[in-house]
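Asks: This is the structure, below, for whatever I ask next.
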């Protein structure tokens, strides 16, 4: 298409744009730039020729100094030219295929060019948002934001209005216009209840443009300074606060500032088309741009804050969905209650301990009996120390001494056992001297002797303190016979 139309730099405005964007220039030629704006506004083909020349200088140019000069010319023309040039620049095709493509990473643009393009797109999107035929740049701007592109912060002191809205002339003869003005007045009254009121200059009869008095101008500027102060405080808070670590009090103050500033912006937008003072209009437009910038920062801040909150809540929901591999508290309590319900009284515990001790004693007795059964009588007698009859009386006495030493029987019972042993030894000695044949008379005599021996037996319940009498020396044969009988008893 450009080939059919010829060289873009052949037209009068194209020639001037070529000179204004020459790479040999050290800085911008503002006189030439303003001359370009005049040609665009005064000629019929000026907007199209200028647009083609600027597009030619930017598109595919690797000399970023020339690109930077062309962007400056383009910005100057947008701010100083009318709607005809805005329609061409705000086209979505131009913004995407020329401006955005220039700052792609493959072209490796310098930071100054990158920030310049993004600043132009952002400022145009804010300025042309309310114009239906200039929303192409708005769509590109919103698309870039959705993709996560961070736009640089604009210098609030260097901002200037892109275009000044035309003065609105109201027709006093139209009733519908009068109704709309009255409705706007009521809306301003409602907003004044929620925000710091801006003074509304007196409306002249016939709803003509407002010409404020010097006193009203001074009051209006004092209110605008208050608005600028709120914007400055809000901007500083957005700079200092961290979205993920904001305190509730700071967040509440920030939200209150946001609501107040939005109400103030609404009042400013209502005053801009009605103020006839050009200087006041420029101040209102500049404050409006500052408000738009701080609102964008607040939206980005809220997006980060709400995003982190949603992430934390999703992690909490994920943690609740995980299977708990630890012990179930209900099962643990149930087990504890079951153990508490078991009969573990002192009686049952004592009975269990006694059964263990009894089984231990039985095992010891069985081991001793097995040892006795497994060894011969001669081996057993080797461990027995035979002393004088006065000390120990036979094997029974030795066993009694062992039991006394182990604490099996008391000392008094040992004395009783000695008396019984003496009685049995006497009977055994008398029966050993008798012949093997026994008649009835001898048996009767034996019974009488046993009866006499029973009379000589001491009282078991109250044994004498002196102890049993010492055996006479004549009892030695009887003791040997007793030992033989004991050997036979153990052999069985």
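Cβ from N, Cα, C; glycine included.
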Asks: Could you check which of 167-215, 216-264, 265-313 is flagged in Swiss-Prot as region 'Disordered'?
Replies: 167-215
Asks: For a quick check of packing: other C-beta atoms within 10 Å of the C-beta of residue 11 (phosphoserine), how many?
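Replies: For residue 11 (phosphoserine), the 10 Å Cβ neighbour count is 21.
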Asks: Run through the domain 'VHS' (20-152) and tell me, per DSSP, how many residues are helix, strand and coil.
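Replies: Tallied per class, the domain 'VHS' (20-152) gives 96 helix, 0 strand, 37 coil.
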Asks: Per DSSP, what is the residue count of the domain 'GAT' (215-303) in each of helix, strand and coil?
Replies: 82 helix, 1 strand, 6 coil
